[in-house]
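Per TrEMBL, the features are as follows:
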| type | residues | note |
| --- | --- | --- |
| DOMAIN | 12-53 | domain 'RING-type' |
| REGION | 134-174 | region 'Disordered' |
| COMPBIAS | 161-171 | compositional bias 'Basic and acidic residues' |
| DOMAIN | 169-245 | domain 'WWE' |
Amino acid sequence: MVSEDDDDDDECPVCFQKMILPTAVPGCGHKFCFLCIKGAAIREGETTCPTCRGDVSPSIFKMPVNRGAALDMHDPESPSVTLKLSRPTSSGGTVYYFWGGAPPLEPLSIPLSLASHRYNRHLKRINPAACNVEPPSKKSVAQINSSESPGEGASGIQKGLGDDVEGKSDSELPQEEPERFYWLYKGRGGWWRFDPRLEKDIEAGRAVTLDSTDLIICGYAYVLDFIKMVQYRKETPTRTREIKRVSGEEFKAMSDNGEVKGISGVRVA
């Protein structure tokens, strides 16, 4: 039976990834991705649990229903929006930190790796001893001041760096999410969505060539022909199914109209 629990954070013992459409074996209770347990039980012809070798009833693959999944679900291994780590203000691989309440007279060079490890988002005061950096001497201050052009002394350094530090980090800036596409195949009674992990594989294959790509589904080798927009098993190329790629807007319209029945043979209610 397909589990209705929100258990997709668990790792599948077959693919070693977070489960998609978690499915429990009725006899022993072990859980797997739906396609993983289906491939393991049917492909080998043993109908046994991959974990304990207990019996797996073929009935769990007949008209399965998952009441806890969404038709537009994401791959649980990947967030829907990729967040970039903020980086400290730097120049030439060096990040500048200062101590004391007065305007700094000389920037302190700290390796960027150390700065990003300890201070990812905000400028903080640090103890110079922790960085093995000596405080500026009066002599070095004089040398720096003499080398600066008019109006670009210590106060100029502070102002320029302060503007950078106070600016928003990369993670705080609006991130445009790339357009999302869905892959569907035609089955009995309507269209079915490929599971989101397979969709990523299909998109990756399509990025390499616009002709076709190969996939392993339930232990069988499939070919997806992007020219004819059909899929078939390699061993039976004459038995084809129609496939199509739709945008998020098209997918929502099809889902609302009841044209999309479920994901990978599992009805989503």
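Residue numbers in this text run from 1 along the chain shown.
Placement of Cβ uses the backbone N, Cα and C atoms for every residue, glycine included.
In the domain 'RING-type' (12-53), the DSSP tally of helix, strand and coil residues is 10 helix, 8 strand, 24 coil. Nonlocal intrachain contacts for the domain 'RING-type' (12-53), taken as residues 6+ away from its ends with a CB within less than 8 angstroms of a stretch CB, comprise 1-3, 5, 60-61, 64, 66, 69, 73, 75-77, 195-197, 217-220, 263-266. Counted with DSSP, the domain 'WWE' (169-245) comes out as 16 helix, 37 strand, 24 coil.
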